[in-house]
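Student: First the structure, then my questions, so here it is.
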Ligand SMILES: Cc1cc2nc3c(=O)[nH]c(=O)nc-3n(C[C@H](O)[C@H](O)[C@H](O)COP(=O)(O)OP(=O)(O)OC[C@H]3O[C@@H](n4cnc5c(N)ncnc54)[C@H](O)[C@@H]3O)c2cc1C
């Protein structure tokens with residue numbers, strides 16, 4: 001995958017004389033997008049289509065949001081134009097599309113503060129300094145997400161030594177004894193994905209599966225050793241090399257079982273934490289930012305939200321709906337900093353053709 005990494009990010013200075021031609025040293029963007037998940041990346045492309053000077057800021061080291069962090073090797077079936085696509089491949093396409101608009105992408109940078117200044121600009125305080133923008137589109141998903149941890153003695157010491165909360169590469173599990181804990185989409189997807197690759201896969205779960213029916217059917221037809229309901233991990237063991245070597249689980253009858261495991265994937269869910277976003281003055285409902293669905297505007301002037309972070313009546317948290325919301329947010333952001341601009345820019349074909357003509361005329 002050719003995801004943009006921290007090293008590749010644009011290193012535009014936050015301050016410096018005349019960075020934007022205003023002479024006051026502030027590098028001012030038309031639109032700043034918080035979050036480089038699928039919604040943020042599509043918003044970045046669309047903002048470029050509208051001619052906006054755009055930056056995208058994400059706390060994670062790689063772009064792609066939940067798709068990169070939680071399920072890079074899971075297939076997605078409900079995004080337009082792809083009958084079936086791996087999440088990591090979809091992120092690659094999103095990045096290539098965003099790249100057409102040449103946004104500044106800043107990774108490994110958390111936005112911690114948002115305030116409107118007296119001159120109407122928005123100041124973002126980040127883990128790397130200050131950023132300035134005419135408008136902001138918050139595409140922050142569920143905020144900073146943290147996996148729920150397994151509360152078993154010794155498991156913390158084995159994180160990175162066989163215990164995973166984010167599994168990324170299938171190849172890391174080849175020919176290993178793998179145990180997966182959990183019963184949601186992530187756990188079931190990983191069990192099905194690793195079954196043909198690993199030596200042996202065991203799935204341990206406390207209750208019923210809460211995953212997509214089709215994948216559960218696939219799981220039940222596979223050779224995965226299913227230990228549910230009422231089963232839970234009670235101990236982990238390390239080998240002499242300090243790497244995970246096995247674990248003990250208790251079944252519904254209270255009987256304990258020792259099994260070999262070189263790799264343990266804990267997929268028991270995430271704790272969503274909006275973190276600093278909660279303090280910026282948004283109207284928040286159930287950990288989401290309330291928006292007007294006609295404009296995607298939040299209650300803070302000049303600040304819009306799209307994707308999983310945004311809520312309104314009858315909201316669907318999907319990649320496809322996030323993309324549509326991004327278009328609405330960008331169009332309204334553009335008319336908010338440039339009231340003379342048209343709300344509807346028309347079709348991309350027309351815009352790109354005009355742009356290509358201008359480029360050709362300038363070149364001659
Ligand atoms: C297991 C699983 C399977 C799924 N399968 C599907 C599917 O098949 N089809 C589908 O349509 N949807 C699916 N979804 C849902 C889909 O992943 C989300 O709808 C989508 O990721 C939302 O995109 P987003 O860009 O709004 O947010 P996210 O992808 O969550 O990205 C948000 C980004 O914002 C960043 N961020 C947050 N706070 C800050 C901050 N303060 N400063 C800087 N950066 C910040 C985060 O680091 C993150 O990178 C699935 C979700 C899960 C968990």
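Cβ atoms are placed via backbone N, Cα and C, with glycine included.
Bear in mind that TrEMBL entries carry predicted annotations, made automatically and left uncurated.
The region 'Disordered' annotation in TrEMBL covers 1-23. Residues annotated as compositional bias 'Low complexity' in TrEMBL: 1-17. Feature annotation from TrEMBL assigns domain 'FAD/NAD(P)-binding' to 29-326. As annotated by TrEMBL, FAD binding site applies to 39, 58, 71, 111, 145, 308, 349.
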Student: Please list, in sequence order, those binding-site residues from 39, 58, 349 with the Cβ less than 6 Å from ligand 1.
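Tutor: Those binding-site residues that pass the cut-off, since their Cβ is under 6 Å from ligand 1, are 39, 58.
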Student: Given a separation of at least six residues and a C-beta threshold under 8 Å, show me what packs close to residue 349 (FAD binding site) in the same chain.
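Tutor: Listed in sequence order: nothing, so none.
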Student: Please give me the CB contact count at 10 A for residue 39 (FAD binding site), counting all chains in the structure.
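Tutor: I get 31 for this one.
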Student: Across the domain 'FAD/NAD(P)-binding' (29-326), what does the mean pLDDT come to, as a whole number?
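Tutor: Over the domain 'FAD/NAD(P)-binding' (29-326), the predicted model scores a mean pLDDT of 94.
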Student: For residue 58 (FAD binding site), which residues in the same chain are close in space, meaning a Cβ under 8 Å from its Cβ, but six or more apart along the sequence?
Tutor: 34, 35, 36, 37, 40, 65, 105, 106, 107, 108, 109
Student: Excluding near sequence neighbours, so keeping only residues 6 or more apart in the same chain, what lies with its CB under 8 A of residue 111 (FAD binding site)?
Tutor: 34, 57, 59, 124, 125, 126, 131, 276
Student: List the same-chain residues at least 6 positions away in sequence whose Cβ sits under 8 Å from the Cβ of residue 71 (FAD binding site), in sequence order, or say none.
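Tutor: Within the chain, residue 71 (FAD binding site) has Cβ neighbours under 8 Å at 87, 185, 186, 189.
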Student: With an 8 Å cut-off on Cβ-Cβ distance and a minimum sequence separation of at least 6, pull the same-chain contacts of residue 308 (FAD binding site), or say none.
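Tutor: Long-range Cβ contacts: 37, 39, 66, 141, 142, 288, 317, 322.
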